[in-house]
Amino acid sequence: MPRAVSSRGVNPNSRSHSSSSAPYTISSASVRPSTTASSSKNASGVALDSLGTQTGTSSVTKNPIFNTDRFGQHILKNPGVAQAIVDKANLKSTDLVLEVGPGTGNLTVRILDVCKKCTVVEMDPRMAAELTKRVQGRPVQRKLEITLGDFCKIPSLPYFDVCISNTPYQISSPLVFKLLSHRPLFRCAILMFQREFALRLLARPGSSLWCRLSANVQLYAKVDHIMKVSKGSFRPPPQVESSVVRIVPINPPPEIRFEEFDGLNRIVFSRRHKIVRSSFTASGVVEMLESNWKTFHSERERQPLDLSKPFTQRVEDILQASGYSDQRAAQMDITDLLQLLHCFHEEGIHFS
């Protein structure tokens, strides 16, 4: 759980806070703004786990606050884009809003003008200090709560109606799935991502970008594209273009364990342009499924396992009976994937 900070505040230049796995909550008045910050050497780019691509920054600006390579931040500076993002959230005066990566608060101040309360999660103490300084003495100050720490390591999120984020690119995928696993369900999320990542969220079966990420997200949510955002809208500008998407959770959510659906997709999409049967012949796949099969059976069944035929043949029979053995993953939609998963479950074979 987040822990409270003493009234003495936080030194924004301290490195210890950002490296801690336990985030903590501070009021908007308890961070002491700093007038100096050390500059670090500009990194060559930021790795994107989910896409295997990189983004980077231009040369470091003179203001050390914008030396953001350490956390992969790109501050949204375009006021028109910031206002459009908040407008698309259709906020109500009763809404509780969660913002991830507020930076210096260009989105936050617009959110605070509308909502009941805004909880922000910021990893960089310098940014938290700048945001605090920005709202200090304003009536909206009482509506702001800052949690300083790593969003991905927060054990539980507060209740919120809407999430808004200019997402640090390196946490794009973890952020999406952390939000979709949150209960109770939120109303919608308005999220800024690297353009390629956003297009994968939106991809349809049969398209060149349809992938495991697309299927996993679209099982649990409806995703719409809102707007494109150019590099010049950020400071420092990233090396790639960005897009804003709206994610609306499907309510009620499907009664499918994510680990099972993702486990199947991990195999099927490993060779997305080849037939499904070939994905199940990859090294280690049959061995993993056989181990899961034996474990599942030992925990739930009293009858001995049927070992009359090799397990590889058992998998082959399931694929043939399902009708998907010669199908290509790139052409399979969510209904196809769920049906294939059901066929394996019918035979007591699981993926997690």
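Using the three backbone atoms N, Cα and C, a Cβ is placed for every residue, glycine included.
Residues annotated as region 'Disordered' in TrEMBL: 1-44.
Positions annotated as compositional bias 'Low complexity' by TrEMBL: 14-30.
Per TrEMBL, compositional bias 'Polar residues' is recorded for 31-43.
Annotation comment: TrEMBL describes HIS74, LEU76, GLY101, GLU122, ASP150, ASN166 as S-adenosyl-L-methionine binding site. Sequence-distant neighbours of GLY101 (S-adenosyl-L-methionine binding site): residues of the same chain at least 6 apart with a C-beta under 8 Å from its C-beta are GLN73, VAL121, GLU122, MET123, PHE151, SER165, ASN166, THR167, PRO168.
Taken together, the residues in the domain 'Ribosomal RNA adenine methylase transferase N-terminal' (81-251) have a mean pLDDT of 97 on the 0 to 100 scale. Annotation source TrEMBL lists domain 'Ribosomal RNA adenine methylase transferase N-terminal' at 81-251.
Site extent for S-adenosyl-L-methionine: among the recorded binding residues HIS74, LEU76, GLY101, GLU122, ASP150, ASN166, the largest C-alpha separation is 20 Å.
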